[in-house]
Amino acid sequence: MLSRLRTTWSLRPCVSVCRWAHTKDKGKPLMLNPRTNKGMAFTLQERQILGLHGLLPPKVETQDIQAMRFQNNLKKMVDPLEKYVYLMGIQERNERLFYRVLMEDIEELMPIVYTPTVGLACTQYGHIFRRPKGLFISIRDKGHIRSILDNWPEPIVAAVVVTDGERILGLGDLGVYGMGIPVGKLCLYTACAGIRPERCLPVVIDVGTDNETLLKDPLYMGLYQKRDRSEAYEELIDEFMEAIVDKWGQDTLIQFEDFGNHNAFRLIRRYREKYCTFNDDIQGTASVALAGLLAAQRAVGKPITEHRVLFLGAGEDRSQEMDSNQEAFIHDSPGNVQSFLDAVNTIKPTAIIGVAGAGRLFTHDVIKSMGALNERPIIFALSNPTTKAECTAEDAYTLTDGRCLFASGSPFDPVTLKNGRVFTPGQGNNAYIFPGVALAVILSGVRHISDTVFLEAAKTLAEQLTDKELEEGRLYPPLSNIREVSVQMAVKVVEYVYANGMAFRYPEPLDKDSFVRSTVWDTSYDSFLPDTYDWPGVSFSPKTN
């Protein structure tokens with residue numbers, strides 16, 4: 001019953017007109033809370049009634065002016081880490097303004113709040129730390145996780161992103177410094193899909209780290225111990241999952257992020273039929289890669305079933321023993337293959353997909369060979385961050401004379417060939433997938449997320465690519481359109497889960513498009529003035545003779 005009550009509240013529509021929000025806070029606390037702070041946009045009435053008058057300069061500003069100030073400051077900065085620190089500072093002071101700035105320039109700023117800059121921010125977490133975000137749960141808290149969840153100030157949580165910090169992007173074990181990843185992911189939940197930020201919870205589970213550099217660093221903020229790989233780790237994760245559902249309901253979305261190779265597949269198999277959960281490194285990456293292949297087949301004119309795809313690396317599962325999910329795709333050795341170039345020349349693939357996270361393994365010879373074998377070679381260098389990508393966009397386009405269909409995990413600048421033709425590389429960013437899927441799952445009350453949901457998401461994403469964008473070299477829609485892309489994906493997934501009996505929220509909305517759009521959060525400021533009104537026909541003035 002409590003879950004149903006929570007659900008009804010979470011679906012209240014957000015409209016762009018002036019809204020009234022009740023708050024018991026007055027004075028300085030209103031400005032110290034990033035969810036209520038409006039800075040100099042507090043109106044004169046709000047300042048006078050709420051005890052803010054004199055605490056701010058006399059000018060009353062619009063959010064437009066505030067956004068322009070921050071955007072101008074960002075333009076003066078060159079160092080990506082400096083931009084990251086500045087943006088996170090805005091988020092810590094004024095949440096709605098932060099998302100306004102982020103959403104208005106998402107194509108430029110997504111690489112700052114997420115890959116590749118977030119990887120650098122994670123490595124420097126102890127040095128740039130200002131204010132904690134999210135929940136930090138350690139192995140020493142085993143048996144007390146529910147009480148830690150009770151300390152979270154927000155009463156309603158719809159989505160949790162959790163990491164244990166063991167495999168942060170392609171950077172390895174960063175321990176508690178991995179908190180930057182859940183924080184960044186949830187920023188995109190809101191910016192890309194309009195999921196309310198106060199309903200999102202980033203979590204890092206600290207069981208130690210095997211990173212010797214961090215263990216010797218006096219500024220490291222996590223446990224100074226080797227990773228606990230005992231049964232206590234299993235019990236801790238079990239307790240965490242149970243505590244989340246116990247506090248916030250069975251339909252609370254739990255996204256696993258950047259867990260180690262030996263844990264990722266095992267944990268998703270363990271929990272997927274019991275909880276509302278997915279692993280973005282597994283299902284999200286697969287979905288965005290498939291969307292790219294579906295888009296590429298339009299350019300090649302050959303159905304995806306007729307392509308021969310050669311993978312370099314095993315993505316999330318880079319362990320020595322191949323996971324059972326991949327056994328069906330293992331083939332016998334084609335002969336004397338000593339290198340990836342040998343494999344390309346022997347197998348003659350139409351597409352190569354790099355997920356090794358080991359840098360420039362798509363050598364010039366590999367790219368040239370793909371160009372010789374195929375009129376339109378498909379080359380996906382999906383490893384993150386940019387330094388770990390298997391090749392650059394410039395190499396891919398230049399060495400194939402602009403004939404390749406290229407996508408990368410991290411962003412690359414447009415490439416201009418000698419003939420003047422300009423190609424805009426497609427970025428196979430998981431942000432095209434997980435925000436829209438998450439919004440649909442939250443709105444429809446899905447309790448177990450099937451792989452078919454991600455298949456539906458991939459098809460929807462590929463369908464949103466226009467022919468003009470495909471001609472420009474894109475395999476994905478422009479990131480500048482990602483809010484609309486995510487909303488349309490959420491609509492399609494909501495339709496799919498209701499049609500296939502996966503939704504648990506009833507009554508079923510008749511107009512799915514209107515239903516989804518009515519719930520999307522926006523960045524307009526609330527009014528904190530009390531709701532005052534007259535009683536019709538009632539006068540409190542004393543009668544006079």
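Cβ coordinates are placed from backbone N, Cα and C, and glycine is handled just like the others.
TrEMBL labels come from automatic prediction, so no person has curated them.
Counting Cβ atoms from all protein chains shown, TYR114 (active site, proton donor) has 27 others lying within 10 Å of its own Cβ. Residues or ranges marked as active site, proton donor in TrEMBL: TYR114.
Counting only same-chain residues six or more apart in sequence, the Cβ atoms lying under 8 angstroms from the Cβ of LYS185 (active site, proton acceptor) belong to TYR114, VAL161, PRO202, GLN255, GLU257, ASP280, PHE434. According to TrEMBL, the feature active site, proton acceptor maps to LYS185.
Cβ environment of ASN429 ((S)-malate binding site): MET110, TYR114, THR115, VAL288, GLY409, PRO411, TYR476, LEU479 lie under 8 Å away, each six or more residues apart in the same chain. According to TrEMBL, the (S)-malate binding site annotation covers ARG167, ASN384, ASN429.
A C-beta separation below 8 Å, combined with a sequence spacing of at least six in one chain, links ASP258 (divalent metal cation binding site) to THR163, GLY165, GLU166, ARG167, ILE168, LEU169, GLY178, ILE181, ASP281. Positions annotated as divalent metal cation binding site by TrEMBL: GLU257, ASP258, ASP281.
The domain 'Malic enzyme N-terminal' annotation in TrEMBL covers 91-272.
Annotated domain 'Malic enzyme NAD-binding' per TrEMBL: 282-498, in sequence order.
The maximum pairwise C-alpha distance among ARG167, ASN384, ASN429, the residues recorded as binding (S)-malate, is 18 Å.
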